[in-house]
Amino acid sequence: MKPMPQSSKNKPDTEAHSQNGSKAWFNKIPKTLDLRQSPRFAPFLQRKYQRWGLLIVTSLLAASIMVPQSFRYYSLTVGEPAAETIVSPISFKVIDQAATEKIKDEVLKSVLPVYDYDDEVVNDVQQRVANAFGFMRDYFAMEAKYKEHAADKTVAGSPAAEETQGAKTSFRPLNENELRMRFENLLGASVPPSSFQILKSYGFSVRIERDITSLVVPIMLRGVVLSRDLLRRDGKQGVLLFTKSSKKLEPLKDISSIIDLNEAFEMIDTDDRDYTRDQALSLSIRQIAKDLIYVNITYNRAKSEALKSEALATVKPVFFQISKGEPIIKQGEPANEGHLRKLAGLNRSNPAYSRYMIFLGIASILVILLRLSLYFSEKYLDRSGYATQDLLLFCLLVLGSIILVRFVCSLSPLLGKAAQDLNIRSILYAAPIATAPMLASLMVDARIALLVAVLTSLACAFTVEGDVYLFFYYFVAGLVGLHGMTRISDRTSVLRGGLVVGVVSMLSILAIKMALGQLTNMHDVYEIGLGFVGGILSGLLVSGLAPLLEPLGYTTNIRLLEIANLNHPLLKTMSMEAPGTYHHSMMVGNLAEAGAELIGANPLLAKAGGLYHDVGKVGNKFKPSYFIENHVSGANPHDKLEPSMSALILISHVKNGVEKAREYRIPEPIIDIIQQHHGTTLIKFFFNKALEKAAKGQTTVPEDKYHYPGPRPRTKEAALVMMADVTEAAIRTLADPTPAQIRKRVQTLIYGLFAEGQLDESSLTLKDIHAIVNTFSRTFQAILHTRIEYPDDGATQDKQHGDSHKQPADALGNRLGRPAEQGQADLGRIRLQ
């Protein structure tokens with residue numbers, strides 16, 4: 001669960017507190033280490049613009065660690081004499097540009113160009129010719145019948161009939177120009193008026209139709225290109241033909257059958273079929289056939305370039321070797337292209353050929369990653385925004401992980417001397433990188449810990465020039481570690497979490513070795529063992545670093561366990577001075593813990609809050625007997641006080657509780673619960689008593705003096721303590737505590753708090769409230785023993801002037817100035833009962 005940030009005031013510890021110093025180790029931490037209380041550091045944490053500053057500073061520091069060791073960067077121009085002899089400090093390879101380009105040219109020559117072949121256009125031309133000529137023949141037939149019968153009849157089923165009846169129910173004659181345009185539209189070709197008249201004179205006969213088709217179709221089937229010269233130039237070795245109908249890409253080695261437009265026209269002109277019977281008709285047929293010829297083979301530039309790119313991608317560059325210690329250029333020798341290529345290869349091979357550029361690049365990448373990670377976490381992982389100290393911890397953990405992996409790398413020479421079978425990769429498996437996500441999960445929550453796991457794994461793998469397997473190893477270890485920190489019951493739980501990380505790390509290394517096919521010798525077994533060492537080291541580091549990070553303002557579950565120890569001096573004082581309050585607080589703590597486990601809140605925080613919520617009744621200037629649970633017998637001290645004074649005594653225990661908690665260095669989340677456990681409820685008994693007294697003297701009573709100052713509960717844990725406090729104080733007074741009556745009373749009290757609005761800021765849902773009612777009811781049924789009479793009029797008589805404010809059964813009616821019965825009716829309307 002997420003621990004809460006805390007702060008403490010600089011007050012001296014009491015003598016009783018110091019007596020338990022050996023058990024409460026945290027009390028030995030100087031209060032000046034609380035950075036949120038530091039006058040220098042607190043303003044830094046409170047400035048929103050410093051969030052960017054933290055990210056930038058962290059990125060710059062991390063980049064300075066991640067940048068590899070730099071070498072000299074060499075820069076010469078052609079003809080420039082070398083100022084010194086340059087000797088290669090490393091062995092590297094240089095690309096042989098000439099040889100590589102030669103191979104690329106040969107590969108490009110072998111790639112055939114792609115042409116699209118539209119074979120479907122042949123059928124389209126045939127259909128257009130048939131439609132156009134058929135229409136004309138039908139039209140003239142209909143026109144003849146129209147003239148013959150002089151009526152608006154049409155020949156059923158003919159194309160002309162359908163055409164003429166499209167807009168009208170009778171045949172409409174077309175003039176010469178309209179008829180020719182209709183013919184051209186259907187044909188898809190231009191027809192001069194003279195040619196149209198010739199065709200008309202022959203009645204657009206079927207023979208003419210066949211003649212035109214027989215000229216066009218064979219030519220289109222061969223394939224027509226725009227320019228045959230371009231085809232010959234690009235397709236010397238053939239082409240790849242993409243046929244439209246079959247969607248297949250097939251090679252065509254012989255391109256001699258493909259013609260261009262000019263050749264197609266020439267073939268039409270030289271056709272030897274007999275049209276001599278009518279020279280004009282022959283010319284018309286050939287002209288129409290030319291207009292119907294289309295280019296149906298076109299160059300596909302996109303597919304051709306794609307094939308070339310694929311072919312070039314398969315070409316591997318040709319290298320030549322430059323050995324370590326080999327002179328690249330001698331002093332005073334003018335630099336030529338060969339020298340420059342070698343120097344460029346050296347600069348590229350050098351991991352830090354431009355240290356500043358690499359530094360800025362890495363820093364920029366880190367800033368982007370850090371900021372975007374936090375942004376998406378706040379937007380999509382149910383976070384309203386990280387506190388500045390959370391961001392500071394986030395940055396420290398990422399930076400610390402990078403420093404840690406760099407430090408581990410520096411130990412590799414020592415490892416090499418101790419065990420020659422191991423290398424730098426081996427010792428990286430022992431790096432306790434899971435420490436950062438484990439600390440983030442322990443201090444903040446699992447969501448920010450997940451970001452830490454991702455970023456530290458990436459950054460660490462990049463720092464040591466690792467691969468995806470090393471990232472996988474670190475990331476898995478981080479995930480397992482952060483999960484183990486979500487439920488901590490004691491300090492040994494941290495070590496157990498480290499043990500689990502070690503075991504899973506061994507399995508991860510085993511999986512990596514199997515994937516790489518390297519599980520073959522004892523070297524690999526040693527590396528698996530180092531993975532276990534890394535997990536154990538992570539657990540030890542978390543145990544040691546957690547106390548050091550608490551001054552930043554965090555309360556871990558371990559700290560809560562120590563605070564909830566019944567031997568704590570403040571609880572001991574409570575048990576001696578106010579035993580009734582002590583036992584009441586014990587019950588409240590147990591109830592709150594049970595409810596927290598059910599709704600997903602922090603059980604330890606809820607329990608600790610319950611134990612300490614009434615510490616203000618101890619060491620108060622008013623005796624504990626002013627509170628009903630500590631009143632044994634005798635006169636009630638409130639009988640001699642004014643109602644306003646009695647209310648002030650009750651209210652004062654909240655303020656006194658906050659002061660007492662800070663005096664004993666109780667964590668801030670518990671102090672918040674102490675401050676919020678009454679919310680802004682009304683102390684109704686004394687308010688009603690004041691109203692009765694004011695009615696006699698005809699004076700007014702200011703209601704605000706009888707309200708707790710608040711604030712209302714702002715966390716689920718604080719709300720649980722409020723509900724447990726109210727129900728525990730009232731449930732024991734039932735005369736006949738049957739399960740039904742217990743449940744009814746718990747419902748009345750808790751739903752009353754809800755109706756009064758006391759739970760509005762606590763993030764509790766209706767589902768949570770129902771679950772809490774069920775849990776409290778079952779718990780009371782199990783632990784209830786003594787029973788006393790308990791009036792039905794809410795909290796006005798349960799404690800006889802004590803904490804009567806803990807009974808808000810009629811809160812809704814009282815809050816709105818209406819009777820309690822009306823408040824219960826309102827509860828019924830929202831279906832809470």
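Going from the start of the chain as shown, residues are counted 1 onward.
Cβ from N, Cα, C; glycine included.
TrEMBL entries are annotated by machine, without manual review.
Under the heading compositional bias 'Basic and acidic residues', TrEMBL lists 792-808.
Marked as domain 'HD/PDEase' by TrEMBL: 577-739. On the 0 to 100 pLDDT scale, the domain 'HD/PDEase' (577-739) averages 84 in this prediction.
According to TrEMBL, the region 'Disordered' annotation covers 1-21 (among others).
Among the features that TrEMBL reports, region 'Disordered' is placed at 792-833 (among others).
Among the features that TrEMBL reports, transmembrane segment is placed at 356-376 (among others). Here the transmembrane segment (356-376) has Cβ contacts under 8 Å with residues 52, 55-56, 58-60, 62-64, 66-68, 386, 391, 394-395, 398, 451, 454-455, 458-459 of the same chain, all six or more residues outside its ends.
Sequence annotations record features per position, and here TrEMBL assigns transmembrane segment to 391-415 (among others).
Taken from TrEMBL, the feature transmembrane segment applies to 427-444 (among others).
For the transmembrane segment (450-482), the residues of the chain that approach it from at least six positions outside its boundaries are 62, 65-66, 68, 351, 366, 369-370, 373-374, 377, 394, 397-398, 401-402, 404-406, 409, 424-425, 428-429, 431, 433-438, 440-441, 497-498, 500-501, 504-505, 508-509, 512, 515-516, 531, 534-535, 538, judged by C-beta separation under 8 angstroms. Per TrEMBL, the feature transmembrane segment maps to 450-482 (among others).
Sequence annotations record features per position, and here TrEMBL assigns transmembrane segment to 494-516 (among others). Beyond the ends of the transmembrane segment (494-516), by six or more residues, the same chain brings 429, 434, 438, 442, 469, 472-473, 476-477, 480-481, 484-485, 488, 524, 527-540, 542-543, 546, 558 to within a C-beta distance below 8 angstroms of the stretch.
What TrEMBL lists as transmembrane segment is 528-549 (among others). Long-range Cβ contacts of the transmembrane segment (528-549) within its own chain (Cβ-Cβ under 8 Å, at least 6 residues beyond either end) map to 25-26, 29, 393, 422, 426-427, 429-435, 438-439, 442-443, 473, 477, 481, 485, 491, 494-506, 508-510, 513, 556, 558.
Sequence-distant contacts of the transmembrane segment (427-444), counting only residues of its own chain at least 6 positions beyond either end whose CB sits under 8 Å from a CB of the stretch, comprise 2-3, 386, 390, 393-394, 397-398, 400-401, 404-405, 408-409, 411-412, 415, 450-453, 456-457, 460, 464, 466, 470, 473-474, 477-486, 488, 494, 497-498, 501, 505, 509, 527, 530-531, 533-535, 537-539, 541-542, 545-546, 549, 552, 554, 556-557.
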